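Asker: Supplied in structure tokens, the structure appears directly below.
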């Protein structure tokens, strides 16, 4: 049964990633991978919120599997982040690559912290 929850969440997260990535990237005339950056930050805040809610006892394991492992796992993408960073480096956009690495890690951490903090304010 657990794997079905993960699959169901992934069936929502994967198309959301694709559609969000395309929508965001189409609005930026830049080599910087704004779409991937956006989905990773959104996923970090959602996972932070879910984790904070779980720590407060407001969410059960089924919802964590559905939204945390399934939805957030499919929404976020470390492999695309890595590939796009490599491509930036290979095409000479080394500054963009460095900003992508530093900015993605920093923004992801801030987003996760914000999600946990929001959950703490809502459920603690």
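A Cβ is built for glycine as well, from the same backbone N, Cα and C atoms used for every other residue.
Positions annotated as Na(+) binding site by Swiss-Prot: 73, 76. Residues or ranges marked as transmembrane segment in Swiss-Prot (evidence: sequence analysis): 39-59, 63-82, 98-118.
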Asker: Within 10 Å of the Cβ of residue 76 (Na(+) binding site), how many other Cβ atoms can you find? Include all protein chains, please.
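Answerer: Its Cβ shell of radius 10 Å holds 21 other Cβ atoms.
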Asker: Can you tell me which parts of the same chain pack against the transmembrane segment (63-82), counting only residues 6+ beyond its ends and a CB-CB cutoff under 8 A?
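Answerer: Distant contacts of the transmembrane segment (63-82): 2, 5-14, 16-17, 20, 33, 36-37, 39-40, 42-44, 46-47, 50-51, 54, 100, 104.
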Asker: State the residues, same chain only, that lie 6 or more residues beyond the ends of the transmembrane segment (39-59) and have a CB under 8 A from a CB inside it; answer 'none' if no residue qualifies.
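Answerer: Hits for the transmembrane segment (39-59): 16-17, 20-21, 67-68, 71-72, 75-77, 81, 104, 107-109, 111-120, 122-124.
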Asker: Based on DSSP, name the secondary structure state of residue 76 (Na(+) binding site): helix, strand or coil.
Answerer: coil
